[in-house]
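Heads up, the thing below is written out as structure tokens.
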């Protein structure tokens, strides 16, 4: 046989295995592999920008509301004790309510810090699933249930924060009335006249202290002195900032609502086997 003859002619030769030589097309080209720029673009495509903006806005709004509201409430108690209600028993209930609200503020700050992080993580999960960044679209019934739960909880918190935003405007309205009354007293038309002492503010009409509280009503130059104190100035402006923080939190929750609802709807739609035939 030909094979035996060749082995006789070349006794030192051995059986060699055939190894295919890779062609140029089979070799990995540096241009064909994804580079750093493509990886960065892919990673940036998975960032839930709506949830990220909502998280920053939510953290900022809750921080302003809780921090400024806590200090403003303490200043309000000091103003009431020093000027409008000298008897401690008259505003004892109000002091307890304000102290309770300060503890509630601590709980709100802690809860929304954790809830914002959880919603941001859920946004990363749903965005990656919707855009299919890690291969074929895969989701589970448990994942869709968790997304639906976040949608419902965010709607409930949004409605609740609308009430908080409206409630935070009440002290702003009260302090604005006192401030505007002081501006009337300071105006050249009324300054130095006998009618100044007849311009009064009765804090009892707002219902925060009982009608039998003494003095309850401050008039004239005494009211002007209250408006010139640091407690009044700081409390008034801090209540305004706290109200603005509550409004920012409402906007953040609205953005969360839109983002979570859209992601849940897309996940629910793409989980159906016949989703491609519905359009």
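Note that Cβ sites are derived from N, Cα and C of the backbone, with glycine treated the same way.
Only residues 6 or more beyond the boundaries of the transmembrane segment (52-80), in the same chain, are considered here, and those with a CB under 8 A from a CB of the stretch are 91, 94-95, 98, 101-102, 105-106, 108-109, 112-113, 116-117, 119-120, 123, 164, 168, 171, 203, 208-209, 226, 229, 231-232, 234-235, 238-239, 241-242, 244-253, 255-256, 259. Sequence annotations record features per position, and here TrEMBL assigns transmembrane segment to 52-80 (among others).
Marked as transmembrane segment by TrEMBL: 100-125 (among others).
Long-range Cβ contacts of the transmembrane segment (146-170) within its own chain (Cβ-Cβ under 8 Å, at least 6 residues beyond either end) map to 65, 69, 115, 118-119, 122, 126, 239, 242-243, 246-247, 249-250, 253-254, 256-257, 260-261, 263-264, 267. If you look up TrEMBL, you'll see 146-170 (among others) marked as transmembrane segment.
Only residues 6 or more beyond the boundaries of the transmembrane segment (238-262), in the same chain, are considered here, and those with a CB under 8 A from a CB of the stretch are 48, 50-51, 53-55, 57-58, 60-66, 68-69, 71-72, 75, 112, 119, 122-123, 126, 147, 150-151, 154-155, 157-158, 161-162, 164-165, 168-169, 171-172, 175. Sequence annotations record features per position, and here TrEMBL assigns transmembrane segment to 238-262 (among others).
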